[in-house]
Ligand SMILES: O=C[C@H](O)[C@H](O)[C@H](O)COP(=O)(O)O
């Protein structure tokens, strides 16, 4: 199947394009992580090349975002250099009806939460498969943990009713190591009744750096769908 015919790829591309179209000249832009945001970064680069978009600066949420930004000609800055982030564009693994999220499928949720939460406008870009009635129904909650605390954190998570699993590398023996040099525990909960409460409880376990529940942060969700073979973008 060619890239153009792959409906998931098509949805991701179009939703990335739609988000990139909302960025204005002269702004500071949070650059999210993952396969969907990668398209937004590519389209931002296209707009810069065409001269449509001038004087923007990106704040990357990961090594991946930083590499892509450099590849597509987006100048980068840091949180030390700016007094605001105007807009952030980022993907998600699940989006619930209140626009709360699970993120961290790419182990980048710690830096993503810092950047996305600081942004004046945080736009989430997803394909329709990410929309759920209840967080945790398809995806575990990623928890970034300082390595020496891994065992006590796992025990504490079990006491909360979660099933923790250390995330292992693909094409790398051993665990996934985050951009901060930590590990990720993926936690399956039977049911997440109060995501805001769980977000705080998890972060309160000593040794936990950040978890992938993003509650009350989203301003707009752009959802890519394929209808009658054509990509359609809907706003939530
Ligand atoms: O750590 C990774 C991020 O939270 C991603 O934004 C999230 O996993 C969605 O990625 P994708 O767009 O590749 O599904």
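Glycine is no exception: its Cβ is also placed from the backbone N, Cα and C atoms.
Because the structure is a prediction, the values reported are computed rather than measured.
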Quiz item: TrEMBL records 33, 34, 35, 36, 90, 91, 92, 93, 103, 104, 105, 106 as substrate-binding residues. Which of 57, 130, 159, 163 is assigned to the same site?
Solution: 130
Quiz item: For the substrate site given as 33, 34, 35, 36, 90, 91, 92, 93, 103, 104, 105, 106, 130, which other residues of the same chain have their Cβ within 8 Å of the site's Cβ centre?
Solution: 32, 37, 108, 126
Self-check item: Helix, strand or coil at residue 90 (substrate binding site) [DSSP, three-state]
Solution: strand
Quiz prompt | Among 33, 103, 105, 130, the binding-site residues whose C-beta sits under 6 Å from ligand 1 | solution = 33, 103, 105
